[in-house]
């Protein structure tokens, strides 16, 4: 930060006799300098400044990255153990990056090169960037560091022609120089979109440059390129081949085991930790939630717990003291979080998979299990998709494949181990029955009557159980809702993607309506594409129908046959399932007493004390030393600036009369009028003694010079008027110079340093020159009789010595607290001492005093305040001190009182008023004031109580006192309920709903629930039981 606003002029010189060779050299140096400046911006994110040696230290001076650091800043706390449910992806990344560094001998033995490129694709929030950050941190440990470069797709784009390609070349060049290195392109679809004739030529050139850099004639060496996108179809196909992006990793939505691992990661630092059973149940309800959604659920649950325990913090802006141990996260906090957080997968397109709700789970859970058993016979891959296999464990992902990691011995493929047998088969590609499940065109049709829930409950529950598989929905809204593509094109694209991502599921809900609505072209396209799927490809066709199998069209019947168990008929719930369905509602929820709010009200009324401001972290000795050095550098600039201003004022002939202090021998009455003498030489001395920490302190002394001159020199003769004009000019000149040349930020910095030193208790004169403190001891004898005044910090009144020039800074720091009565006290003592010593000099030098006193600058910046506006206590203290002195020096004090008539009258008037008040309080008036004292004391106590309760009233705005008292005063009556009547109602409901379908049962459940809700606050449940009986009796299933 520069102190003065000075202009810097650059001098350019050129030699006209320079040869062409020198010009070429200058051009080459300029070109090299520009290239280095551009390379300086391409530096890895995971290297700190102190870790880069040599030339890289200079490169860090410009910037660490071209990318925006805010959204892409590297979080060093993210490791591979912070990523859950992606063990296979992490293992593949270790093979690409970590293992070639740790085990180079393996790759050297077989002369192989590990994969140098991979592509992450999948929905948003599934952990693509998180895995990249974890990889960067894992590569930043150990001796062999890996430089990690992170770029977003649009970072390399520029409006200048050829600049984007140049930035890419510089990026790869920098990564090659710092190899091994990783380049991560986030949202690469914005950098390398599909090239076409309709596209802009600039994008095509960028894509061509990126293709050549990744796998061109020049080998890129130990540079791993990782791309991430959620739009795989938007990337140029040339990037998706071996040599560029060798591997493609699908980041799908996490399954149940992966969600549980993610929950464990986000709750592992909680105290106490959630139990494993709760996390498993929570993971089961988080269907369709990505990793970012699960993290948001944990954060929202913590906020719900805080909101429930301390609602007071939402009604005040001050920080309150909280008991963190009383904030506990319960299951209902997670329930509230699940209701608030909507999964990312359901914001754009609703996922077809959905678990059975807690209400219908007792009714349909057995049916779902029977469907899964029937599906396992048709589609054996169900076992892989539903079992809790070991591949979810990060420590053993190799157990996933039985074929690759079996203990079976195979024939040797080397020349030294080959036997002499002929016609030996090495590869057994057709022997897969022992290692993986196999099925022939797996298909399943769930049929039933309308209202059996096959499309609304059963099929989504089955898809939810098979959540490891990718699901492609071919319903009517999907086919006809996309305006840019035809239904035939959308159908063919989905089935092709299903074949590519096998094992997968093609889901066709309401196939009876689907087949009636679509045209013959779409029917032919659908059947043809199904036939093109390989016979043993694990692509399941799942469909639902609300018509019997015999009522379906012949083409649909040909797709599903009875002989292979591809038809599942949904049956009505039996008696046991209906009993479980209504049992919890009728027997438990109906008998639940009203919710008590007394605990919540007490928590809302709890008064929380205001938390003290957080104390700053204590600095170490080294940090304190470094901080003091920086502060002293700033104050050194301040002193240089103030000396410059003072010097400019002193050399001005107009202000020569203010450069030296007044001689007391020539002007004896000066110290009796002016309480704080000040001049420019004293200002210089204070600068040398480090008394000025801000420019405001300096300007106070300039104002002091001006006010002293105006006070001592009355506006009577021309000489005094000239001095008064010059004093005002001195003040205006000083202010103008500082206003013009001082930086406002620098003044603010000085004030912050001054405040920081006060808090730390650091002395402002610690670095002051030591010889200044020796001089006053040699000049102290002339003022030896004023030693008591020095004990009271009144060293100010010796104007001819350096002490008088340096001590005002000590007085200025205490000016607002003590200077008033100290100066008032010293007026009398000064008058006494100087009356004895200078009585004759005052008469002899009266003619010279009018001219010589004008050379002084007379202080007391707030002089009238010390006499007219002093407080009662200050005047009383001053009166006592003056009365003691007057007893000893009656004659001399009377002479001095005549010199200061007006200030004395004012002071005495204040003292007399004080004396009158004190006397009346000590006399008979005390009886008159006794009665009001009691009432006033009560009012004061009430006022204190009101002020103390101010924060409480503000906190209690959350709930009114009347409402709180009404809730707390309510008695808790006993619950009146006949359980036998509830049991009879349950039997009646189960018997009456014998032939009800799923929708009718849900309707009856809603009717009973409404009755319970209406009487939820009643302790007498007799009316509830009667209303439930009436509702069950009057229920008509025809409207369902």
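Glycine residues also receive a Cβ, built from the backbone N, Cα and C atoms like all the rest.
According to Swiss-Prot, the protein carries these features:
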| type | residues | note |
| --- | --- | --- |
| BINDING | 122, 123, 124, 125, 126, 127, 128, 129 | ATP binding site |
| COILED | 619-643 | coiled coil |
| COILED | 735-761 | coiled coil |
| COMPBIAS | 1-11 | compositional bias 'Basic residues' |
| COMPBIAS | 784-797 | compositional bias 'Basic and acidic residues' |
| COMPBIAS | 811-833 | compositional bias 'Basic residues' |
| COMPBIAS | 835-848 | compositional bias 'Polar residues' |
| COMPBIAS | 849-863 | compositional bias 'Basic and acidic residues' |
| COMPBIAS | 874-885 | compositional bias 'Basic and acidic residues' |
| COMPBIAS | 901-919 | compositional bias 'Basic and acidic residues' |
| CROSSLNK | 777 | SUMO2 cross-link |
| CROSSLNK | 797 | SUMO2 cross-link |
| MOD_RES | 65 | phosphoserine |
| MOD_RES | 401 | phosphoserine |
| MOD_RES | 406 | phosphoserine |
| MOD_RES | 801 | phosphothreonine |
| MOD_RES | 825 | phosphothreonine |
| MOD_RES | 849 | phosphoserine |
| MOD_RES | 883 | phosphoserine |
| MOD_RES | 891 | phosphoserine |
| MOD_RES | 951 | phosphoserine |
| MOD_RES | 972 | phosphothreonine |
| REGION | 1-30 | region 'Disordered' |
| REGION | 772-799 | region 'Disordered' |
| REGION | 811-935 | region 'Disordered' |
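The recorded positions examined here are 126, 129, 972; by Cβ neighbour count within 10 Å, the least packed of them is 972.
Every protein chain shown contributes to the tally, and the Cβ of residue 122 (ATP binding site) ends up with 18 other Cβ atoms within 10 Å. Each of 120, 130, 230, 251, 290, 291, 292 belongs to the same chain as 122, 123, 124, 125, 126, 127, 128, 129, is absent from that list, and has a C-beta within 8 angstroms of the C-beta centroid marking the ATP site. Comparing the binding-site residues 123, 124 by how many other C-beta atoms lie within 10 angstroms of each C-beta, the top residue is 123. Summary: among the binding-site residues (125, 127), the fewest other C-beta atoms within 10 A of the C-beta are counted at 125.
For residue 128 (ATP binding site), the number of other Cβ atoms no farther than 10 Å from its own Cβ, over all displayed protein chains, is 26. Cα of residue 125 (ATP binding site) to Cα of residue 972 (phosphothreonine): a span of 49 Å.
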